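Engineer: Pasting a structure here, questions to come.
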Amino acid sequence: MSQEKDVLILAIESSCDETAAAVVKNGREVLSNVISSQIALHTLYGGVVPEIASRKHIEKINQVIQAALDEAGVTLQDITAVGVTYGPGLVGALLVGVAEAKAIAYAAKKPLIGVHHIEGHIAANFIEHEDLEPPFFSLVVSGGHTHLVRVKDYGKFDIIGKTRDDAAGEAFDKVARAIGLGYPGGPKIDKVAKEGNPDAITFPRAHVEDAPYDFSFSGLKSAVLNYINGCQMKGESYSQADVAASFQKAVTDVLVANAMHAVEEYQVDQFAIAGGVASNSSLRQAMKEACEERGVKFYYPSPVYCTDNAAMIGVAAYYEYRNGVRSGWDLNAVPNLKLGER
Ligand code: KG4
Ligand code: ZN
């Protein structure tokens, strides 16, 4: 019996504020997943400062990659191919990872595979769910994106809906800042909301006219700011926990409503959430219940694979590798890369 050789991907991710590297075996087995987070640094400024992010990536990237190789117990010679996020993201941040991946792949004479960041987020679901295979639907909710996606096959996507303005995570971060929770807002709102009443304040649930799968969060964000200003003008205090819980419920309601609309319309039987906001406890619970009610299998990654990491990029790179995708030595960072485009 012939035995196929293992495919080992060294993956690099530097699109925002995490410098990350991982080694992934045969698409689904994570041998190492090293993340150097800059969150503490950006917290000082209340959000990600692109210039600082690039500088930190350049400082950390070599150590992070070495640690990923060491932890996996492999050398560059053992690696089959190098995968790297080349968009979307902050251009200066992306360039650090892309330049590094090109240099390594060129020197070690390995194929190079440019990966779309959102494809990576979706692929994170394959790590812990052996049974999950396309076709399925996915809701990708992160700091930069809110996409409802039909995953037709590995590396093949249709975008069914997306946000018209703010991303879900961006709304979490802005509201958190407004109510004094600081950066990054998502996990802080998630925590504080547990002490609050989600029905205390009725915030708007926006539906985009003639586009049932699109999202809009800027009105919700403004409604929260107006509520806070209103309280302050009247000299009244407001409950941080109630605002957090009510805002979180409004976001969750809209995400779940659009997702379930798609489930019914497209007769979906498997649904996977992805991205930083996919670790939100209220969203996970509500999606789980809504999927169960409809007999849909529901998948979500562990929190470490929801927020930015390189393991997810390694998984996506593996499937692109199997599809025959190879990037040239002219691979560049594409800050506004569209999902499904190369
Ligand atoms: O996927 P990610 O790490 O980076 C992007 O690709 O954008 O997502 C980061 C976003 C941030 O906006 C953060 O506030 C949000 O994910 N986030 C959360 C939670 N954990 C992270 N939002 C809501 N609840 C959480 N538990
Ligand atoms: Zn991300």
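Even glycines carry a Cβ here, placed using N, Cα and C.
Owing to the predicted nature of the structure, the values given are computational and were not obtained by experimental measurement.
Quick paste from TrEMBL:
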DOMAIN    29-314  domain 'Gcp-like'
BINDING   HIS117, HIS121, ASP308  Fe cation binding site
BINDING   VAL140, VAL141, SER142, GLY143, GLY144, ASP173, GLY186, ASP190, ASN280  substrate binding site
Engineer: Return the count of C-beta atoms lying within 10 angstroms of the C-beta of GLY144 (substrate binding site), excluding that atom itself.
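Structural biologist: Step by step: centre on the Cβ of GLY144 (substrate binding site), count other Cβ atoms within 10 Å, giving 20.
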Engineer: Counting every protein chain present, what is the number of Cβ atoms, excluding its own, within 10 Å of the Cβ of HIS121 (Fe cation binding site)?
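Structural biologist: Around HIS121 (Fe cation binding site), other Cβ atoms within 10 Å: 31.
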Engineer: Taking 8 Å from the centroid of the Cβ atoms of HIS117, HIS121, ASP308 as the cut-off, which other residues in that chain fall inside it around the Fe cation site?
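Structural biologist: Going along the sequence, the neighbours appear as GLU13, SER15, CYS16, THR85, ILE118, GLY120, SER142, GLY275, ASN309, MET312, ILE313.
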Engineer: DSSP three-state call for GLY186 (substrate binding site): helix, strand or coil?
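Structural biologist: Once the DSSP labels are grouped into three classes, GLY186 (substrate binding site) ends up as helix.
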Engineer: Taking 10 A as the limit, how many CB atoms besides its own sit near the CB of HIS117 (Fe cation binding site)?
Structural biologist: 26
Engineer: Near ASP308 (Fe cation binding site) in space, meaning Cα within 10 angstroms, which of the binding-site residues do we find among VAL140, SER142, GLY144, GLY186, ASN280?
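Structural biologist: Candidates kept after distance check: SER142.
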Engineer: Between ASN280 (substrate binding site) and HIS117 (Fe cation binding site), what C-alpha distance do you get in Å?
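Structural biologist: Distance (Cα to Cα, whole Å): 20 Å.
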Engineer: Ligand 2: which of the binding-site residues SER142, ASN280, ASP308 have a Cβ closer than 6 angstroms to it?
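Structural biologist: Among SER142, ASN280, ASP308, near ligand 2: SER142, ASP308.
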Engineer: Please report the Cα separation of HIS121 (Fe cation binding site) and VAL140 (substrate binding site) in Å, rounded to an integer.
Structural biologist: 7
Engineer: Among the binding-site residues listed here, SER142, ASN280, which has the most company in the form of other Cβ atoms within 10 Å of its Cβ?
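Structural biologist: Top count of Cβ atoms within 10 Å goes to ASN280.
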